[in-house]
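Structure first, commentary second.
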Amino acid sequence: MNNKARNEIFLKKTIIREIYMTVSPNNPLFPDMPDWQQQARDNLWPPYTQMRTTPIGLPVSEAEGVRITLADGRRLIDGVSSWWSVCHGYRHPHIEQAVISQMQKLPHIMLGGYQHEPAARLATRLADLCPGDLNHVFFTDSGSVAIEVGMKMAIQYWLNNGVKGRHKFLHFRGGYHGDTFATMAVCDPEEGMHSHFSGVLTPQVLAELPVNDELYERLDMQMAKHADELAGVLIEPLVQGAGGMIFHSEEVLKKVARLCQKHNILLIADEIMTGLGRLGEMVACQRADVIPDIITFSKTLTGGTVPLAATIATSRIFEAFLSDDPAKALMHGPTFMGNPIGCMAALASLDLFEQEPRLEQVRAIEKQLEKELEPARGLPAVKDVRVCGSIGVIETTGLGDVNFLKQRFVEEGVWIRPFGSIIYTIPPYIIGSEDLSKVTSAMVKLAGELKSNT
Ligand SMILES: Cc1ncc(COP(=O)(O)O)c(C=O)c1O
């Protein structure tokens with residue numbers, strides 16, 4: 001590329017950036033800009049964002065079905081279900097009604113010393129949909145905290161059984177389990193998000209997924225070596241999401257489960273991303289006939305409406321906490337655990353899996369993604385195209401200016417958030433085939449605009 005072309009691209013990117021960075025009520029480019037957007041810029045701290053170089057978030061006024069309406073009237077098709085949560089689309093009337101009526105009856109009550117019908121019914125519904133005797137449900141309010149609770153359960157399981165020293169976790173390269181301190185320690189240590197904190201985090205046991213015989217043997221040896229200090233193994237079954245939408249086979253998951261049994265280490269399945277329909281089953285582990293000791297759900301649990309998470313343990317784990325000794329209780333209790341509105345939203349969301357053909361819709365999405373993303377495979381900057389359930393991924397040799405790329409997707413009328421080297425979609429399960437085609441064609445088109453780095 002010659003200097004002139006390079007300068008032109010630089011200028012174009014700078015102009016776009018300037019437009020986004022100078023959004024204010026007095027900016028002549030945005031005459032009708034309401035003052036709340038200026039307030040957002042002054043006072044709202046956005047997630048995972050370098051505010052100096054990244055355009056401020058697009059102002060949203062409302063959303064319905066798969067469409068997000070921006071404050072300026074433009075409408076985008078949501079290709080990522082608001083961080084993989086809004087599985088029934090926005091404002092499904094069944095969830096909306098459940099939330100409104102619960103709000104008017106009992107918006108919140110502490111679960112310490114009280115119980116209420118929505119939490120009890122939801123616990124039973126979740127126990128019923130989980131395999132085996134995963135029957136004991138502890139509610140929290142975010143995925144990260146659900147994982148932390150699972151880790152606490154695992155550590156204390158051993159202590160309550162009189163086994164000391166088992167307080168570490170084996171986790172896999174490419175994994176992501178949250179942003180809190182305990183969960184950061186079990187994320188991939190090399191991905192950029194948490195590297196600043198490496199000195200502060202408790203070191204854990206990092207392993208490779210056993211995707212071949214050699215790695216299987218290595219994992220076997222690693223587990224044998226650390227068995228006396230390991231409380232559990234943490235895995236995202238079949239798809240590592242935030243680590244780059246990396247897929248592994250059912251056989252790999254089975255092997256991990258087999259080694260956990262062999263070395264008597266608890267298996268914690270993080271289904272916060274993969275569970276509740278994402279891969280075509282309510283529980284992803286079921287695809288491999290694996291029953292973990294502890295499983296976690298969040299994100300789609302309430303259909304992406306209100307925050308709620310669940311950590312579910314087998315009877316074996318639960319019974320280790322039954323004792324005359326108060327110190328053997330699980331000492332955890334977030335203020336909003338089992339919030340009645342959240343539980344009602346989750347019950348309504350589970351109804352929808354029964355009343356509407358959700359899992360069939362996911363299978364249809366899978367087929368359509370396979371067909372429509374395939375043409376990207378031949379593009380110069382594309383390394384791989386892969387699909388699993390409602391997840392469609394184009395892996396590239398490099399995304400270049402990712403903010404520019406995100407802006408291009410907005411221009412195409414779809415909301416897609418590429419990261420790392422991937423362009424991916426995880427649409428709401430209710431997306432129609434025409435809308436999905438708009439998403440896939442934008443993905444293929446913009447992957448085609450990328451320059452190959454190899
Ligand atoms: C597999 C997995 N585990 C845990 C989390 C953390 O959930 P939350 O963001 O609700 O804390 C996420 C979030 O993306 C996730 O994908």
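Glycine is treated like the rest: Cβ placed from N, Cα and C.
The substrate binding site annotation in TrEMBL covers TRP83, TYR176, LYS299, GLY333, ARG417. Residues or ranges marked as pyridoxal 5'-phosphate binding site in TrEMBL: GLY143, SER144, ASP270, PRO334, THR335. For LYS299, the entry in TrEMBL reads N6-(pyridoxal phosphate)lysine.
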Residue among the binding-site residues TRP83, TYR176 whose Cβ has the most other Cβ atoms within 10 Å: TYR176
Neighbourhood of ligand 1 - binding-site residues from GLY143, SER144, GLY333 with Cβ under 6 Å: GLY143, SER144
Integer Cα-Cα distance in angstrom, GLY333 (substrate binding site) to SER144 (pyridoxal 5'-phosphate binding site): 14
Long-range Cβ environment of ASP270 (pyridoxal 5'-phosphate binding site), under 8 Å and at least 6 residues apart: GLY143, ILE147, GLY150, HIS177, LEU234, ILE235, GLU236, PRO237, THR296
Cβ neighbours of GLY333 (substrate binding site) where a neighbour is any other Cβ within 10 Å: 13
Assigned conformation of ASP270 (pyridoxal 5'-phosphate binding site) - DSSP reduced to three states: strand
Neighbour count (Cβ, 10 Å) for SER144 (pyridoxal 5'-phosphate binding site): 21
Distance from SER144 (pyridoxal 5'-phosphate binding site) back to TYR176 (substrate binding site), taken between C-alpha atoms, in Å: 10
Cα-Cα distance linking TRP83 (substrate binding site) and PRO334 (pyridoxal 5'-phosphate binding site), given in Å to the nearest integer: 23
Mapped DSSP class for GLY143 (pyridoxal 5'-phosphate binding site), helix or strand or coil: helix
Which same-chain residues, if any, lie at least 6 apart from THR335 (pyridoxal 5'-phosphate binding site) yet have Cβ under 8 Å of it: MET110
Among GLY143, PRO334, the most crowded of the binding-site residues [Cβ within 10 Å]: GLY143
DSSP-derived class (H/G/I helix, E/B strand, else coil) of PRO334 (pyridoxal 5'-phosphate binding site): coil
ARG417 (substrate binding site): tally of other CB atoms within 10 A of its CB: 15
Separation of alpha carbons, LYS299 (substrate binding site) and SER144 (pyridoxal 5'-phosphate binding site) (Å): 11
